Amino acid sequence: KYHNPHFIGNRSVITHLMEWKYDDIGDECERFLGPYGYGGVQVSPVNEHAILDRRPWYERYQPVSYDIRTRSGDEQQFRRMVKRCNKAGVRIYVDIVLNHMTGAQSGKGTNGHHYDGNTLQYPGVPFGPNDFHGHESCPTQDLEIHDYTNPKEARNCRLSGLRDLKQQSEYVRQKQVDFLNHLIDIGVAGFRSDASTHQWPDDLRSIYSRLHNLNKEFFPENSQPFIYHETIYYGGNGINSNEYTSLGRIIEFRFYKEITNVFRGNNPLHWLKNFGTEWGLVPSGDALVMIDSHDLRVGHTGKLGFNINCFEGRLLKAATAFMLAWNYGVPRVMSSYFWNQIIKDGKDVNDWVGPPSDKNGNILSVHPNPDMTCNHEWICEHRWREIYNMVKFRMIAGQEPVHNWWDNGDYQIAFSRGNRAFIAINLQKNQQNLQQKLHTGLPAGTYCDIISGNLIDNKCTGKSIHVDKNGQADVYVGHDEFDAFVAYHIGARIVS
């Protein structure tokens, strides 16, 4: 029901433009995301939130009201962005925080509303003490979650001190329904549901059952919102991400975990031959997948040193390329900003650092440079050639199955997607090149490697490859090359 992302045409990839301003996202939809084939943007939470010391990124995950006003802009700017992006063929998915309000502090939110997390007063909604879980429903002494595998505790107690809303209450549900319907009426395509694991599936079902159909100005009649859930599997039998697959897709954390394990060199690459449901993952149609996220990059989920983020560009590009080449789930590409990563005792002491901003905390605008990089400290992974060209690869591969699998029994693999696209990856540990005559599945001709370059005016700015009449080619990926993979598709054929 809530599984369709409503991509336009054969677009198939979402990017998370973390903490970008709405005006900048609108520009990016028109100037880059639309033309380069991205299907949608996940935007950071849009509702009024707490203003915390030092302005950390996670203040956006501490709601104060459901008014649309954040550091990214106000409701008018948000509406304009949604319209511009839809027109450019790019959908908008809003990160929604329904599980809780703020932490214990009191103060003012980004739309000027006062709140008090100690007395549980949020007049901007309004919510009061009766709208939160207390000792009557949370089994722990301090109202905090300690045992994440106990459903009652994980869903009725406080996640890291955040005030836990009583979603069994009709009043609370209706306030949340009104907020989501307001966003739907503006023209969003759906939502990332934050902390779904900590909300009862039946409460979410009740809320979703009242959602409007998507706005007919941008979507076909009777379209339902796309919803994908942050479901972190804590082990134990208590909570299972499968409880949420009737409510939308789940963010399949096992995908990130298994792929990272392989690309870190803990498991051989050739194991990925049957990667997917046979590994215990949910069916492809129930999954949204990622390599990196706003949490993973700083170790708020997973482990630092294990997670792959923008500081390991070569590895991140290779793992992302596999994700985009493999026919599983809806992939999401992280787009982050620079922070000074300092790891002490397995923790990043700067894991709180917010987006590039001026001394008054105003987020700085993104102005891409002619070479596709971004200004200030915006990293813009979604603009890296290796990534945007793999977005195109996925578009061209469409629903074609994986064919022509080859591996060396270790850390070199290659496969095609039907007869439309082909990729080869070399992560061999002992400085070994991948040099092999392989079946590419491609029609005869000369192809431009879309990883080392682009095809511009029928000329390749990178390496090229010749495919013979049998679909075979001499494939080469040196162990010390800038990128650990090559990729070809029928849209990058050099016409002779």
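The backbone N, Cα and C atoms fix where each Cβ goes, glycine too.
Note that this is a predicted model, so its numbers are computed, not measured.
Reviewing Cys85, Cys138, the cysteine that Swiss-Prot connects to Cys29 via a disulfide bond turns out to be Cys85.
Cross-referencing Cys380, Cys460 with Swiss-Prot gives Cys460 as the cysteine bonded to Cys448, criterion being a recorded disulfide. Per Swiss-Prot, the Ca(2+) site holds Asn99, Asp164, His198; the candidate it also names there, chosen from Arg91, Arg155, Arg173, Arg205, is Arg155. Asp194 (active site, nucleophile) is 13 Å away from Asp164 (Ca(2+) binding site) when you measure Cα to Cα. Around the Cβ of Cys374 (disulfide bond), 20 further Cβ atoms fall within 10 Å across all displayed protein chains. Taking the C-alpha atom of Cys374 (disulfide bond) as reference, the shortest distance to any of the recorded positions Cys29, Asn99, Arg192, Asp194, Arg332 belongs to Cys29.
The shortest Cα-Cα distance from Cys380 (disulfide bond) to any of the recorded positions (Arg192, Asp194, Glu230) is found for Arg192. Distance between Cα atoms for Cys448 (disulfide bond) and Cys29 (disulfide bond): 27 Å, as a whole number.
Taking the Cα of Arg192 (chloride binding site) as the reference point, the closest of the recorded positions Cys85, Asn99, His198, Glu230, Cys460 is Glu230. On its own chain, Cys29 (disulfide bond) has Val41, Met81, Arg84, Cys85, Ala88, Val90 as residues at least 6 apart in sequence with a Cβ closer than 8 Å to its own Cβ. Every protein chain considered, the tally of other Cβ atoms within 10 Å of the Cβ of His198 (Ca(2+) binding site) stands at 25.
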